[in-house]
């Protein structure tokens, strides 16, 4: 049986009182028990275990065990704080219709429907416009399905669409998508304002004062052909509007078969005014202009914190809103093409219908219903965009992933993000200064398509990588739908404007690299990390297939560092040499050893690992650190040599410093450890690099413009000793030129690529002496032993670099 035995009561025992084993009754004496569990106190407020508890309960209790007691005062404060937090929480009241469906409908049915839909049908034809509408609506529907999967994957955060996307994509992608979403919302405000101004200037202005006078002049000088602008469905006008009628800029709008100009060379005057095309139209332009009309699908998810049941309301409301608006748009295409003559549809500003909206001529009881309705709708949508975008920017700034946006967090006494609002107004003003709704719409399309593409990408990746925390409960979701949605978004981006698409991708890439470079240390449990894990696993499995070819051989270095009593690195220049040797771009493992047991020395190992990482960052060494704890340093070093690396990504070279003061008796253990390292490296068939007098080696801050790298090819090593000077020459510290010395007499650049076979064929020949530039000329003059070494001992005393291969 398991029995908990506690000693001491509150106020009666000292903090250092001894207690019996909290585990199992055993045959050991009470004295041994008290010595084993010295200095630990059980929690005073803890329920007693059953007589025969479950194993899981026992392990959970032991894992959560703390030797810190908690008094009744702290318990009361914790309960009061919890009650206070519970009182401040208000239950959300919004349902699916009011919280998701109607906001999405209001955002999707916007300015494009009123101002450009009839023109799109007239220019693109019924079939072409239907294809555009179907592609755009399919893109938003697939994106809504991915959003529904995100919404049903656990608790929906109360931060809107940005929080849902960023917590799935990670800081880098989340920040880039958040900025794209913000810019899209800001330019949407500019587009709505331009639409509002267009309605105000074009369709509210009356020409009645001049109308009768111009009628007399016009009818006096011209013959007029009258056509029926709205013949109706039974007229068969649908057959004429089925196909595209693209127009060049400044071309005259005219009905097929009825030319409007008798004299093509006649110039337009006040007595022969014609309706002219303001822009050159083509299919991809129509795609870019129409797509903003289907955006706004995230209006419901932006209210995720105010919904009664976000996991149910967001999928149902968003998909219903997209279905409803898609039916409206598709039916409008056929109804406009079947009711209105093509020449009237192509009249973008309604000049042929007395300056009215073409869609307003179909309204009952008056065209002013559509004019006033579209004016207030676009005005309200613009204000909504200008109030939502600053809060989105403030949310991005509060996450701290983009440091230069920290000033956008500041608010005034009313809680409004004033600085973010000013920045949004400036960016929106840039879009307004373009002064063309047709030019702003493709820019808006790029940013929203980029946002939607990354939403689909996040869902597809997390499904394909089988991320453990990705468990959406939306039954209609499938990873193929997300992949199709991502492909459609990418296709539409380049259909709208390939150069705008490239600019949008460059902006997103720059933001991504900026967040990555500035080191936004945020861990949101994103699925992007799974890509790196999957790619690394795949690469390691490929490396396991066989040994590398001789031409692909490069030094994969295991650097053995020594630590002092404070767990600091004793020889930092060893990492300087490592960074100078990394022109081969191979693996680098920086290892260190801590003497003792793991249970007692684990904090020291963490401190040593932090010291190694910090020094690697200073010396710009890209690699991995590994600290091994063992009862003696010799075994720890052996473990590093044997178990360093993973799979095919293992070290093939060991870099260890020559022991300092090795002749002294107190350094005898260092010499023995060094000899063991040499023997174990040889037994493992690894290369060994032993720099002597490492403190005299150049740091990465020094620069050498003249000198020699003296390479003494005493033992034939298969070309490694020839490769090292070549790698050193690639670093800016040891920059030299082949033709500055007589190196060409002994070795040419292609000799560095010597294969093992060539080396073995030359083993019977005499050793060669090879010189390359590095050793300081003044030291060479002052020290004859450096200039003309006579023995191996002199060679080891050379400065600043000496290498010997074992």
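Backbone N, Cα and C define each Cβ position, glycine as well.
TrEMBL assigns the feature region 'Disordered' to one of the listed ranges (69-89, 90-110), namely 69-89. The range from 400-418, 419-437, 514-532, 533-551 that TrEMBL describes as transmembrane segment is residues 419-437. Nonlocal intrachain contacts for the transmembrane segment (173-194), taken as residues 6+ away from its ends with a CB within less than 8 angstroms of a stretch CB, comprise 110-111, 161-162, 165-167, 292, 295, 378-379, 381-382, 385-386, 388-389, 392-393, 395-396, 399, 401-402, 424, 427-432, 434-437, 440-441, 443-444, 446-448, 450-451, 454-455, 458, 504, 507-509, 511-512, 515, 520, 524, 526, 528. Sorting each residue of the domain 'SLC12A transporter C-terminal' (572-690) by its DSSP state yields 62 helix, 24 strand, 33 coil.
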